[in-house]
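Engineer: Structure incoming, see below.
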Amino acid sequence: MKIIRVQDQIEGGKIAFTLLKDSLAKGAKTLGLATGSSPISFYQEMVKSPLDFSDLTSINLDEYVGLSVESDQSYDYFMRQNLFNAKPFKKNYLPNGLATDIEAEAKRYDQIIAEHPIDFQVLGIGRNGHIGFNEPGTSFEEETHVVDLQESTIEANSRFFTSIEDVPKQAISMGIASIMKSKMIVLLAFGQEKADAIKGMVFGPITEDLPASILQKHDHVIVIVDEAAASQLD
């Protein structure tokens, strides 16, 4: 696990984009993408770039259960607004949060991941150490699954909604086992509120109580953090 410290989120996005360009030069064709505030500066760099992404496939980590793609709180909407509208891809995959059978939807998504192995996976990290929507206690062997969101996650995400009552209580998330199959993982974290999770992820122990700690076992992880998020690493 390599740690890169940056001044701020803008610099972090630039470095993540440089890593992406290197990966593309080596033949990467499938990107695993994340939502939330952490990757926004990275997507801004992609949008500003003259690079053409129309031969690439993207697979997103997760989607809320119960939100239509037209809801401005859905992750499908987030990705279109922050990246896909400006930079079309060959194909974009996100879980269908309105699927009538969400367990079957999770299995369908696993098949998509199997058919499109992820070359470059972008991650954020939750205050409780979750990656994707894999909450503490999630099995490291889990693939795509339906998640009951913890109160801490609902509270953290409530800033994107009118009220905390509007935050969906479930999501469909790529599993930890699926994430670990990615060839390369770039995790971005900014702000003091991420410091505890970053410390636990880097120094262990490796435990399902802190899902991101499993990344210690991956062969190619780069963690991009500002000084606040890295404040407990010294």
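In case you wondered, yes, glycine gets a Cβ from its N, Cα and C as well.
So Swiss-Prot has the following annotated:
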type: ACT_SITE; residues: Asp62; note: active site, proton acceptor
type: ACT_SITE; residues: Asn128; note: active site, for ring-opening step
type: ACT_SITE; residues: His130; note: active site, proton acceptor
type: ACT_SITE; residues: Glu135; note: active site, for ring-opening step
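Mind running through what each feature is packed against?
Structural biologist: A 10 Å cutoff on Cβ-Cβ distances gives Asp62 (active site, proton acceptor) a total of 22 other Cβ atoms nearby, all chains included. DSSP classifies Asp62 (active site, proton acceptor) as strand under the three-state reduction.
DSSP assigns Asn128 (active site, for ring-opening step) to coil, not to a helix or a strand. Cβ-based neighbour count (10 Å, all protein chains) for Asn128 (active site, for ring-opening step) stands at 19.
In sequence order, Pro136, Thr138, Gln150, Thr153, Pro211, Ala212 constitute the residues six or more apart from His130 (active site, proton acceptor) in its chain with CB-CB distances below 8 Å.
According to DSSP, Glu135 (active site, for ring-opening step) sits in a coil region rather than a helix or strand. Remark: Glu135 (active site, for ring-opening step) has Asn128, Val147, Asp148, Leu149, Gln150, Thr153, Pro211 as non-local neighbours, by Cβ distance under 8 Å and separation of at least 6 in sequence.
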